[in-house]
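*Asks:* Before I ask anything, here is the structure I am working with.
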Amino acid sequence: MGKKRIVLLLFISFSYAEITKESPLSIGQTLSSSNGVYELGFFSFNNSQNQYVGIWFKGIIPRVVVWVANREKPVTDSAANLVISSSGSLLLINGKHDVVWSTGEISASKGSHAELSDYGNLMVKDNVTGRTLWESFEHLGNTLLPLSTMMYNLVTGEKRGLSSWKSYTDPSPGDFWVQITPQVPSQGFVMRGSTPYYRTGPWAKTRYTGIPQMDESYTSPFSLHQDVNGSGYFSYFERDYKLSRIMLTSEGSMKVLRYNGLDWKSSYEGPANSCDIYGVCGPFGFCVISDPPKCKCFKGFVPKSIEEWKRGNWTSGCARRTELHCQGNSTGKDANVFHTVPNIKPPDFYEYANSVDAEGCYQSCLHNCSCLAFAYIPGIGCLMWSKDLMDTMQFSAGGEILSIRLAHSELDVHKRKMTIVASTVSLTLFVILGFATFGFWRNRVKHHDAWRNDLQSQDVPGLEFFEMNTIQTATSNFSLSNKLGHGGFGSVYKGKLQDGREIAVKRLSSSSEQGKQEFMNEIVLISKLQHRNLVRVLGCCVEGKEKLLIYEFMKNKSLDTFVFGSRKRLELDWPKRFDIIQGIVRGLLYLHRDSRLRVIHRDLKVSNILLDEKMNPKISDFGLARLFQGSQYQDKTRRVVGTLGYMSPEYAWTGVFSEKSDIYSFGVLLLEIISGEKISRFSYGEEGKALLAYVWECWCETRGVNLLDQALDDSSHPAEVGRCVQIGLLCVQHQPADRPNTLELLSMLTTTSDLPLPKQPTFAVHTRNDEPPSNDLMITVNEMTESVILGR
């Protein structure tokens, strides 16, 4: 009987309903909410000695911590306790009885107790009156739970928002914080220090106007209330999801996360792409996700710095082409006009005009010379702008209508342009009809030339068609001295056109059926993609059995000649390698999120990175690339194509590919750039460890510093190298969900915020056999178990 009693007492001691003066909370004990959803207790990261007091979702693995008491000061001894003081305050004390954290001074004459509510709110309550004396919902961390609030009070100066963790394993305040603004209507900001990083746009009753999926039909879980006394409160409540949270990540991303019983799914993330980054296009510029180039000037404005815009730096913005001469009621040539732009995220620095309808909004702006633009928005009313139009985006659908004041002469410019355009179109149609007639006759005569028909049926604007004799002359009839390389597609030659342009000519192998598909794919894709970190296609040539693709020539050829070359590797010091790494990621970000086409490359590797005369990287070879439509995030194929070693586990074995499979390939590429070793040929030790296994070993021993190419010792930056090794390992994680997305990847490379710890990559446990290395891979998934995978 005695033994049974001891067991019962031990069980009860691990589970508390409340913390009292007589019943403190020790390490190993927890406090649970009455509904069993939330739990409070001591925890540590990666079994370290640093102990924190926090709240998490009970029973969900891995543990998701939503609030930390002592986020800046962990305790390091096992005798720490969470106690109620004689005055009623909640204290965290260490083994020496030093106060590590407290709720602050609380007055409870008859004592107090602490309990955890069903909504995850830790509350200290008066024992007699039951009044709440202190609550964690008024001291937010990086997470907003349902019914908790962000707020401001202009009278008291109080502000309450979210602050990011330094890293996934360090809850101390990081670089980012979230606030709602006191302006009317309010908007949400993610700040990086004192600099805006992301903006939601103004609030319109149930939605933020800068988030396109929150249209007027959106069923909103959010609530924002502003009163006449200068206070504002933002909160949310999910009726359809028992477990949900809004989280600010250490990289500055706001995520709305919902638990589906198996995993946390993000229903919204901001910033979602580089257009979402605050002010990316500068004053009077706007960002267009679906139409490269990414930034444009509003009608009537031109880039302030053409050279900067050509380099892809748009932050200087745009300047007015014709100055305004505003005199209120003036007419004729002196009058101003308004140009409307649809699907717009309302710019920052707006002013609210109360009790004005749509016509009144227009009239108010028209007769106010300082008014540069206006918008009448359902759920808000009239907004006007008298300062720079900053942080503006144009969505493919949704958004608001913005009316911008222009000089009357801008309309005259438009009319003159329309006249010129009309004449040009007429002439062009005549020329096109002539060529079409000739082309029809030529194709009837040369009916076997089906390739040209295929090309003419594709939407390939701006593509130049070269004659075969032109290319033969440029390449000295494809002489061996001009040959740059050879691959599964065919051979690549250097050439020089009569106008002096240097070109690279990819000559399709006539025996390659796969090459035909690659050829068509590459023409259609690359002609529509324009970015400084993507190779540019100039045109093509199709004549008889010859199929040629003509590119801009890259003076320094491909990256592999520098990374793996015994002599040239010395020319690539660490700073230059790091610049190349960042350039590749920017090109990937454009493919995955910023171009009007969402493209998965599927064959990212060192040899497919070309270098121009300034050693700027250009992603090339889009023959295997796939397009994603709308909200599509992954696809599956029965025909797996790619390069062995660079393919992610889920793609190699099941045919599933996504943004995360390109991230895996980049991780391998990154580790090759750092180490100077090729994944298909590397073998280490008696066991013949593969490259990823060796990288993991280096990471465990020295955090990857000893992985660096020995030729770079004098030029290296150990901390930067170690960080890149860690990022590379995060990219080659077995589960796609454990890999960063492309936007997070760029943030990891360009900030110093702490990173999550990588797990051992699955492919890192394998060793190499004695077979020769394979290069390009092309197999069918349902035949995989019976196939021997060899290179082409």
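Backbone N, Cα and C define each Cβ position, glycine as well.
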*Asks:* Of the residues ASN46, ASN477, give the one that Swiss-Prot describes as N-linked glycosylation site.
*Replies:* ASN46
*Asks:* Can you tell which of CYS295, CYS297 is bonded to CYS281 by a disulfide, based on Swiss-Prot?
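*Replies:* Swiss-Prot annotates a disulfide bond between CYS281 and CYS295.
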*Asks:* Do you know which of ASN229, ASN556 is annotated N-linked glycosylation site by Swiss-Prot?
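*Replies:* In Swiss-Prot, ASN229 carries the N-linked glycosylation site label; others show none in the record.
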*Asks:* Identify the disulfide partner of CYS365 as annotated in Swiss-Prot; candidates are CYS369, CYS371, CYS382.
*Replies:* CYS371
*Asks:* Using the record from Swiss-Prot, pick out the residue from CYS369, CYS382 that is joined to CYS361 by a disulfide.
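*Replies:* Among CYS369, CYS382, the cysteine that Swiss-Prot links to CYS361 by a disulfide bond is CYS382.
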*Asks:* Please identify the range among 207-224, 297-314, 567-584, 621-638 that Swiss-Prot labels region 'CaM-binding'.
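*Replies:* Result: 567-584 is the stretch Swiss-Prot calls region 'CaM-binding'.
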*Asks:* Determine which residues of the chain contact the region 'CaM-binding' (567-584) at the Cβ level, with the cut-off under 8 Å and only residues 6 or more beyond its ends counted.
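*Replies:* Distant Cβ neighbours of the region 'CaM-binding' (567-584) are 533, 559, 561, 609, 611, 615-617, 619, 666, 669-670, 673-674, 676, 708-709, 711-712, 715-717, 720-721, 724, 746, 749-750.
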*Asks:* Spatially, which candidate from the recorded positions CYS295, CYS365, CYS371, CYS382, THR637 is nearest to CYS275 (disulfide bond), comparing Cα atoms?
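*Replies:* Considering only the listed recorded positions, the nearest one is CYS295.
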*Asks:* Using a 10 Å cut-off on Cβ-Cβ distances across all protein chains shown, tell me which of the disulfide-bonded residues (CYS295, CYS365, CYS371) has the largest neighbour count.
*Replies:* CYS365
*Asks:* Where the distance is taken from Cα to Cα, which of the recorded positions CYS281, CYS287, CYS295, CYS382, THR637 turns out closest to CYS365 (disulfide bond)?
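*Replies:* Closest candidate to CYS365 (disulfide bond), judged by Cα separation, is CYS382.
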*Asks:* If you average the pLDDT over the region 'CaM-binding' (567-584), what number do you get?
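*Replies:* Result for the region 'CaM-binding' (567-584): average pLDDT 89.
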*Asks:* For CYS361 (disulfide bond), what residues in its own chain, 6 or more apart in sequence, show a Cβ-Cβ distance under 8 Å?
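*Replies:* For CYS361 (disulfide bond), the qualifying residues are ALA353, PHE374, ALA375, TYR376, GLY381, CYS382, MET384.
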*Asks:* Would you please pick out, from the disulfide-bonded residues CYS281, CYS382, the one with the fewest other Cβ atoms within 10 Å of its Cβ?
*Replies:* CYS382
*Asks:* From the Cα of CYS371 (disulfide bond) across to the Cα of CYS287 (disulfide bond), what is the distance in angstrom?
*Replies:* 22
*Asks:* Spatially speaking, which of the disulfide-bonded residues CYS281, CYS295, CYS371 is closest to THR637 (phosphothreonine)? Use C-alpha to C-alpha, please.
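*Replies:* That would be CYS295, the closest of CYS281, CYS295, CYS371 to THR637 (phosphothreonine).
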*Asks:* Reported in the order helix, strand, coil, what are the DSSP residue counts of the region 'CaM-binding' (567-584)?
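*Replies:* Each residue of the region 'CaM-binding' (567-584) counted once, the result is 15 helix, 0 strand, 3 coil.
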